[in-house]
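To start, the structure under review is shown below, and the notes come after it.
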Amino acid sequence: MIRVVCSRGTRCLKWNGFCISVHVKTIASFGYNTNVPDLKVSSSKSCTVQSNQVKSGQRKQLCKLVLDHFDKQYSEELGQLWTTAREVLLDPRCWQYGVMLNRFSESTELRQLLQTQDYSSLLPQDSGSLQCFVHQSQIRFPSQKHQPGQLKQYYLLNAASLLPVLALGVRDGDRVLDLCSAPGGKAVAILQSATPGLLHCNELDCHRWKWLAETLESFIPQALNDAVKVFNLDGRLFGQIEAGAYDKVLVDAPCSNDRSWLFAAPQQGALWLQERSKLPDLQTELLSSALAAIRPGGTVVYSTCTLSRAENSAVVERILTSCPNTELQDLGGLARSLSHHFTFDPNSKFGILIVPEKGRTWGPMFVAKLKKH
Ligand SMILES: C[S@@+](CC[C@H](N)C(=O)[O-])C[C@H]1O[C@@H](n2cnc3c(N)ncnc32)[C@H](O)[C@@H]1O
């Protein structure tokens, strides 16, 4: 197990006699209360749902280089489904956003507001404490600002982001690692779905690590302070420093983020495409580290937000070939139970792939589940 041997801010982990410097924040120090003023249903401007219009002057510029690259690759890999997804991805005005409620900051008025605005529940009402509301059209709630001392009432997200969390199936008391955690949407969703015995959230990038810590501060009450910790490590280390320590690990891997790459500045797009071929190796190493970090019988969920076969099924296939004690779990039941909300690629191998489509613009999201024997 990780031993925190220094105090305040930067701490050291003892591993094989080495001391690894790491930022560790417990949520304990943030001291947030849950007494937030509820949203005003009718009169407050701040809670009026907005049309998801991209104002003139703020229109995102398409990166032609990335689009050409995607057109070539994805039309080969997805055929007609790429035509469908392409139409959605190229038009941010038609993107939809789910509203995930914060069970630690319940608001009857918010629920009423969602009802009066014709939002419906993404998940069956009896499916537990994780609740997300979606709308058929492209209206959008305003994001809530971070306010020290107040818990937020909801988190806006691409509803497909909940599938990795649903696939992970965290139960009360589980020891859970979220290996690539910033900005923290899936960590928040895990804490909505159950009360893990511990949740370790890790992020390599320092800026994003701070963002992650802030997200957790905004959504988690003091009662969970001892269970939730935030790490700033390379996820590839966890397999060694925390071997066998977890019941469940989520690897929401760094990937070609298809939605944002399409709107990259030209130089940035060129750089990303140049670096893209290195991603499958990094993803395989992260997944391998996650498998080493779970106990026998434990499970790992691997997810990305790209359509790229090299970063999805090919990564999982590589792991299955190189780790004989690893077994692929069937996610067909989960996909079928949500098929009225999401469009799945019928030809996806080694996991399920949500492909955006007009009217159900969720995704891209690839999810695979592995069990270690
Ligand atoms: C897809 S994002 C995670 C999104 C997050 N799970 C959520 O739901 O909000 C992938 C994250 O992995 C981080 N990352 C990249 N390389 C990493 C590494 N070697 N170890 C840990 N995290 C890494 C990136 O900085 C990025 O924040």
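In case you wondered, yes, glycine gets a Cβ from its N, Cα and C as well.
Noted in TrEMBL for the protein shown:
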type	residues	note
DOMAIN	89-373	domain 'SAM-dependent MTase RsmB/NOP-type'
BINDING	Cys180, Ser181, Ala182, Pro183, Gly184, Gly185, Lys186, Glu203, Asp234, Asp252	S-adenosyl-L-methionine binding site
ACT_SITE	Cys305	active site, nucleophile
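Feature map: annotations from TrEMBL on the structure.
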{"residue": "Cys180", "record": "S-adenosyl-L-methionine binding site", "Cβ within 10 Å": "22"}
{"residue": "Ala182", "record": "S-adenosyl-L-methionine binding site", "Cβ within 10 Å": "25"}
{"residue": "Gly184", "record": "S-adenosyl-L-methionine binding site", "Cβ within 10 Å": "27"}
{"residue": "Lys186", "record": "S-adenosyl-L-methionine binding site", "Cβ within 10 Å": "23"}
{"residue": "Asp234", "record": "S-adenosyl-L-methionine binding site", "Cβ within 10 Å": "14"}
{"residue": "Cys305", "record": "active site, nucleophile", "Cβ within 10 Å": "22"}
Q: Give the distance between the Cα atoms of Cys305 (active site, nucleophile) and Lys186 (S-adenosyl-L-methionine binding site), rounded to the nearest whole Å.
A: 13
Q) Taking DSSP three-state, what's Ala182 (S-adenosyl-L-methionine binding site) in: helix, strand or coil? A) coil
Q) Roughly where does the domain 'SAM-dependent MTase RsmB/NOP-type' (89-373) sit in mean pLDDT, to the nearest integer? A) 96
